[in-house]
Structure formats: C-alpha cells, structure tokens
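Here is what Swiss-Prot says about this protein:
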- Ser156: active site, nucleophile (ACT_SITE)
- Asp321: active site (ACT_SITE)
- His354: active site (ACT_SITE)
- Arg226, Asp355: substrate binding site (BINDING)
- 50-358: domain 'AB hydrolase-1' (DOMAIN)
- Arg323: site 'Important for acyl-CoA specificity' (SITE)
Amino acid sequence: MFMQDSDSIGIVSARRVHFDTPLSLKSRAVLDSYELVYETYGELNPERSNAILVCHALSGNHHVAGVYADNPKNTGWWNNMIGPGKPIDTRKFFVIGINNLGGCHGSTGPISINNRTGKRYGPDFPLVTTSDWAKTYVRFADQFGIDCFAAIIGGSLGGMSAMQLALDAPERVRHVAVIAASARLTAQNIAFNDVARQAILTDPDFHGGDYYSHGTHPRRGLRLARMLGHITYLSDDSMASKFGRELRNGSLAFNYDVEFQIESYLHYQGDKFADLFDANTYLLMTKALDYFDPAQDYDGNLSAAFARAQADFLVLSFTSDWRFSPERSREIVKALLDNKLNVSYAEIPSTYGHDSFLMQDDYYHQLVRAYMDNISI
C-alpha cells in the first residue's frame, strides 16, 4: 500500500494526446501525425494562466513527479522539486511533464510504428531539434487552451528546450528557468557525445539501427555510453567522497574484473539504463544537444539571438558542474542583460557536479521557491 506524504503528488498516471496535423521538422522531414505522452500535476485555473511546462534532460521523460500505483518505487525524476508546498507548488501551478518527440517512453519515436510501413521507425525516424520540440509544446498548449505558459523550466537539455521556446514563441511564455544548461555545446561536450554514439553504433547488435527486426538490442554499446555519460555528470569531489579508492572485496585481485567500487557503480548504472532506454533514442537525443546553438544564425552573436526573447529569466548554475560550467550560464545571463531583459542569476555551491540540478539542496530549492512564489497567475 502506498503511503502518501503531505507534500507528495501521490499516485499519478500518464496520458496521451494525438496530433493529426503534419509536423515539419528542421531537418525538412515531415511527420504526418504523432503522439505525445504527458503527466500533469495540480489544477489548471479557469483563466488558464498557471501552467508550467517542465522539460526533461537527455535520459528523462514525462514522469516528473509522483508515483505509479502499480510501481510505487518509480518516483518522478524531480519529485523533490514539485508538489504541494514544494518549490514548484502544485497548489498554485498546473505542472506539465511531456516525453519529448523522439523519446522512448510513449511519445512517437524510433520504437513507434510507422503507419506508412507497418514497422518500427528505427533508424528511419528523423533527427529532431529543440526547435521541433518547441513546435510540439505550442501545439500541446493549444490543446489545453493555454495561450501563454506562466513558466517553462528545465535542467541540462531541458534548459536548452526552455530557451528555445522563449526564442521561437516568445509570446507563449512569461518566465523561463534555465538550470545547469548552456547556450551551445563546447567542443569537449560534442566529443563526449560522439564517443557515446560510437559505442552504440559499433555494437554488433546495433544492425544499423534496425535491431528490432533482428531481435537484438545494442545493450553493450548503450551500457558503455551511459557509463561515459555518468562520469561527466558527477564531480571529482563527489566521486572521491562516495567511492574514493575503495575496493569491492578489500584486496587487489590482479585481473581485469571489476575491483573498485566506482567501477561497480558505473557498471550498475550502465546495466540499469540499458534495460530501460532505447539506443536509437539515445543517439537522437545526443544530436539534439549537439545541434542546439541559437546564435548560429546570428554569426555567433548570442545577444542578437536573444533579442527575440520577451520573458523574465531565472538562470542557475552549480560550482562543481564541469559539463555545463557556470561560465556557460554567465554567457546566457550576459546575452539577456544585453537585451535589457529581467534576469536573476545564482551560482550555487555544490559538490555533485552536473547532477546537482536533480538533488535535494536547501539553498537551491530556496532560490527556485522564491522565484516561483513571485510569479503572478
């Protein structure tokens, strides 16, 4: 039996919305129709002015808060942030979580059936970008009669998605919270993504992305990709504090088996992820990260790119995040200030690295709460 805490969303369920209007993508491909899976928390007010959209990161999904009745251990990935009395208070806001187009948790993506062929899309599913997602967010809002989001919020890739909506449809959002994100990937980050992709692409079970029809899954490649990614999400201090050089069995074995606790942890994370995620979706999501660069059409001038934005911004970074360092957030802040937009910025002390945006941290949560409390609905 599930025991609900007073500040918990409680039991939730996912829903699905179908779109028949063709969607033209940035790649020039067209989806004749598609579906998005989503969850909502709280109540949409009569004015439809209290909606908040939460955008997920690379491996995230629509299950942002609460638990499922048939799987109470599957807690939403931002459950510590969203709920009655929490920083994003569902007594005030109507919070929406969407599994992005191209995802593998119910929204149309590589594992979905292509109505034209009767088979899974697989590698034929077109690459999608944050601009494509922004289009789907607007269409989703239209389904609910939401003319303007009170806020759009996201961490990591989710923060990039939030920025994209603020640029592509500035009239559709009043506040934007960009957390542990960047206005573009550095060469180092693109390199990390490519190595992760190569681990999948060179897995013998990948079969050019058509592993579904072969009855296989590139588990080894996906596992390695996740292990690499997980290293970049942590900080050296957090790894040292949690694992150090601790051995699994207390002594060296003088072989190539897993000996150190950090190795065991990475193998566990890789195995768990490979059981839950689709490899084609992983490839697609890393490309969405690589392609995000709003300044590209403005000769690299980020300030010029943000001239379209109208919303107020909250930008947060974490001191130990070396994947999307505070310097990247300060670049965003400068571009916003150059356009005389209202922006609040904080660099939060943390030892957890990039994953800090998911953690329970009093100062971090106080900052989010204070900002959200000041949003009028």
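Backbone N, Cα and C atoms are what each Cβ position is placed from, and that goes for glycine too.
Swiss-Prot feature annotations superimposed on the structure.
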residue : record                                    : Cβ within 10 Å
Ser156  : active site, nucleophile                  : 27
Arg226  : substrate binding site                    : 23
Asp321  : active site                               : 27
Arg323  : site 'Important for acyl-CoA specificity' : 22
His354  : active site                               : 24
Asp355  : substrate binding site                    : 22
Across the domain 'AB hydrolase-1' (50-358), what is the average pLDDT of the model, as a whole number?
98
Given the recorded positions Ser156, Arg226, His354, Asp355, which lie close to Asp321 (active site), meaning Cα to Cα within 10 A?
His354, Asp355
Arg323 (site 'Important for acyl-CoA specificity') and His354 (active site), distance between Cα atoms, whole Å:
6
Return one of helix, strand or coil for Asp355 (substrate binding site), based on DSSP.
helix
Integer Cα-Cα distance in angstrom, Arg226 (substrate binding site) to Ser156 (active site, nucleophile):
16
Looking only at C-alpha atoms, tell me how far Asp355 (substrate binding site) is from Ser156 (active site, nucleophile), rounded to the nearest Å.
9
What's the CA-CA gap between Ser156 (active site, nucleophile) and Arg323 (site 'Important for acyl-CoA specificity') in angstrom, rounded?
9
